[in-house]
């Protein structure tokens, strides 16, 4: 029988590996909670085409490697660094694997503030935390050893999602296309609310061949000034991009979601030289003023609209990528 198909692409691994790590520094504890996906590519086609399991690193082993490094890696508290360590270990330990794809979703834990008395700044508790909303920090790392175990290249995209924001004025939507299908009323003052989904991509970085040959031990690929603004500096970039997003959202006199989105992306590119492109996905969270004309109350004109009905669906979705020239 003549075969009419072939295996054009294959990748496998472990999804939804949940990790909570406590890092103790005396009485001061740090925690991170991650959802990790670790996938691999390489010379694995015969496991699909010939039922040859000799090329398969079991997904259970990939899970156990994730937990092992969560325990032993000094880089666990920064998701970009941990992703680079995990991916480098996978492609370095197994000769037949050429790429690893690590996705990390970090849940937002904050320290419980403890009152120090009237007029004094609350003190963060040393080992008590609370979940600070649904916002998540995200990292996607591709660790590519296709050119050789001593020529590893890492490509990292970081971001955040589920950051819910709202402002009660400073937003308008006017002068859009009007035709027979248009029912939307133009407004010069409205609620602007969205759930921010942001990703930003770094310039690729080279990963030195691990000194132990396997990547159990993973040294910083960049140090000092060379590390600034790179994936190795992930915490600083996460804070900077989040701050820019919130500041532009709050201060921009928004002509549209599109216009505000573009300003956010422009500023991130301008202020962070190692970032090559920025993508936002901003769904409209609609709040519709309740019509109370039937009882003689104006609750629909912009200055007097104060009572709204939140609508979950349908919603607008505005997305764009802003790239460095």
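For all residues, glycine too, the Cβ spot is worked out from N, Cα and C.
Values in this document were obtained by computation on a predicted structure and should not be read as measured data.
Cβ-based neighbour count (10 Å, all protein chains) for residue 14 (active site, charge relay system) stands at 19. Look at TrEMBL and you will find 14 (among others) tagged as active site, charge relay system.
Residues annotated as active site, charge relay system in TrEMBL: 59 (among others).
Cβ-based neighbour count (10 Å, all protein chains) for residue 173 (urate binding site) stands at 20. Residues or ranges marked as urate binding site by TrEMBL: 59, 60, 173, 190, 257, 258, 284.
Summarising the annotation, TrEMBL assigns 5-hydroxyisourate binding site to 60, 173, 190, 257, 258, 284.
Summarising the annotation, TrEMBL assigns region 'Disordered' to 115-134.
Residues annotated as active site, charge relay system in TrEMBL: 286 (among others). All protein chains shown were included, and the count of other CB atoms within 10 Å of the CB of residue 286 (active site, charge relay system) stands at 17.
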State the non-local partners of the region 'Disordered' (115-134) in its own chain: residues 6+ outside its ends, Cβ under 8 Å from one of its Cβ atoms.
27-29, 31, 107-109, 162, 164
Could you round the CA separation between residue 60 (urate binding site) and residue 286 (active site, charge relay system) to a whole angstrom and send it over?
44
Where residue 286 (active site, charge relay system) and residue 190 (urate binding site) are concerned, what is their Cα separation in Å, rounded?
10
Recorded positions clustered about residue 59 (active site, charge relay system) [Cα within 10 Å; pool: 14, 173, 190, 258, 284]
14
As a whole number of Å, the Cα atom of residue 14 (active site, charge relay system) is distant from the Cα atom of residue 284 (urate binding site) by 34
